[in-house]
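Participant: Pasting in a structure now, in C-alpha cells, and then I'll have a few things to ask.
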Amino acid sequence: MDSMFVLLITPDEHNVTSLTEDELQQLDKLKQDLRIIFLTIPFFLLAFGIPGNILTIMVLRSRSMKDNVFSYYLISMCSFNLLTLSVNLPRYINKGITGKEVNIANKNFCAFYRYISTTLVAISDWHLVVITGARLFFLIDRGKKYTHLYSSPFSTIFSLSLIMVLFEVPAVGFWIRFKDENGNPVECYLPGESLLVHLQLCVQTLIPAALLICLNIWILHIHRVQESGLMETEATSKLRKQLLVLVFLSNFQFIVSVFPLTIVYPNMRLFFNMSTSLGRAKSNITFGAVALLLYSTYATDFLVYCFFGRKFRKELFKLLHPLCSKLFPHRYNVSDHSKSDVSDTVRSRGKELSDPSVQVQPQVNQTP
C-alpha cells in the first residue's frame, strides 16, 4: 500500500481559469501546503529512519546478540524498512520540489517500479506479524516440539517474501493503467476505484492488523497466566508494565499508520469532488498525508520492537560510547579519570588491608 496509491489528481491547469478568486486562493494555499508536506516529512523520515534502522542492524549483529534467533527476524525487518523508505520517499521529495510526479516514460519500467513498491510494503507489513508470531510460539512451545516454526528465520522470511512476490504479480498486472478515464495516455498508475484495491487492502493492512492484535493479546494473556501464581514483586510489576506498553505501542502504531489510508484511498470520490481542480488538490494533499503516515511505520519500527530489550540498550550504549567520547571528550575524560581515581583508591586500600606490616588505625567518630 504505497505507490500503488499514486493518483493522477494534480490540479487541471486548463480549468483553473473557471475558478473564482476565492477558489484560486484556496488552490494556491493547498499547493503551498502540499509542497511543505512533501519537503519536510519525507526528509525527516529518511533522516531518522535510515540511520535508525542501520544502527539497529549494527547492534543486532554484535557478538553478544547475533546468536539470538529473533535478531535475524529484526535484522530482516530493518533491512526491508530501509528498502521501502529508499524506494518510495524520494518520489515524494521530488514532487515537493517540482510539484509533479516523477515522469517515467518507459511503461515497462514504470510498471516494474509500481510492482516493487507494493511488494516491499507488503513484505514489511507482514514482518511484524511474523515476528510477533515467532515470539508467541517461543512462549507456548514448552516442550520444544515446534522449534522449527520460529527457529529458522531464513526459510520463514524467504517463504513470506516469495508469497508476496507471487501475489503482487497478478494483482499489479491486472490493476495498473496506462490511460486516464478519458482514454488519454498517461504515466502508469493504480486507480483507487478498482476492485483490486479491496484485495490489496485486505492482504496488506486488514489481515496483518487483525493477526497482530490477536497475537499481542494472546502473548499478554500467557504472561498473565504464568504470573498468576507468583508473588507480586517490583520486578514482575515492572515487567508487566513494560509488556503492556509494548503491546499497546505495537498495535497502536500499526493501526494509526495503516487504517487512514485504507479508508481514504478507495473512497476518494466520496470525500472529494474529483471533477474540479480544487477537489483534486484537496484529495492530493489528504492522500499525501495519509501515505506518509504509512511510511512513518517503517521509520520507527526499530524503536518499538528493539529498544524495549535491556540487552539491546546495553549493546547500543557500548556501540555509541566511542563516538560519544570523541564528540564530548572533556565530559568522558573527567568521568573516566574519576572512575580510575576511585579504582586506584580501592586498589591501594586493598593492598593496605592485605599487608600485615601495615597497622590500620580504627576510625573514631568525631561527631558530638
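Start at 1 and count along the chain as shown; that gives each residue its number.
Glycine too: its Cβ is placed from the backbone N, Cα and C atoms.
Note: TrEMBL annotation is automatic and uncurated.
TrEMBL lists 36-60, 72-93, 113-138, 150-176, 196-222, 243-265, 285-308 with the feature transmembrane segment. Annotation source TrEMBL lists domain 'G-protein coupled receptors family 1 profile' at 52-305. The feature compositional bias 'Basic and acidic residues' is assigned by TrEMBL to 335-354. Sequence annotations record features per position, and here TrEMBL assigns region 'Disordered' to 335-368. If you look up TrEMBL, you'll see 356-368 marked as compositional bias 'Polar residues'.
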Participant: Which residues of the chain, 6 or more past the ends of the transmembrane segment (72-93), have a CB below 8 A from one of its CBs?
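Facilitator: Contacts of the transmembrane segment (72-93) (Cβ under 8 Å, skipping residues fewer than 6 from its ends): 2-3, 38-39, 41-43, 45-46, 49-50, 53-54, 56-57, 60-61, 101-102, 116-117, 120-121, 123-124, 127-128, 130-131, 134, 153-154, 156-157, 288, 291-292, 295, 298-299, 301-302, 305-306.
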Participant: Would you mind giving the whole-number mean pLDDT across the domain 'G-protein coupled receptors family 1 profile' (52-305)?
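Facilitator: Averaged over the domain 'G-protein coupled receptors family 1 profile' (52-305), the predicted model reaches a pLDDT of 79.
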Participant: Six or more residues out from either end of the transmembrane segment (196-222), which same-chain residues have a Cβ under 8 Å from its Cβ atoms?
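Facilitator: Distal contacts: 1, 4, 118, 121-122, 125-126, 128-129, 132-133, 135-136, 139-140, 167, 171, 174-175, 243-244, 247, 250-251, 254-255, 258-259, 261-262, 265-266.
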Participant: Taking a Cβ cut-off under 8 Å, which residues six or more beyond the ends of the transmembrane segment (243-265) line up next to it in the same chain?
Facilitator: 1, 5, 125, 128, 132, 192, 197, 201, 205-206, 208-209, 212-213, 216-217, 219-220, 223, 271, 286-287, 290-291, 293-294, 296-297, 300-301, 304-305, 308
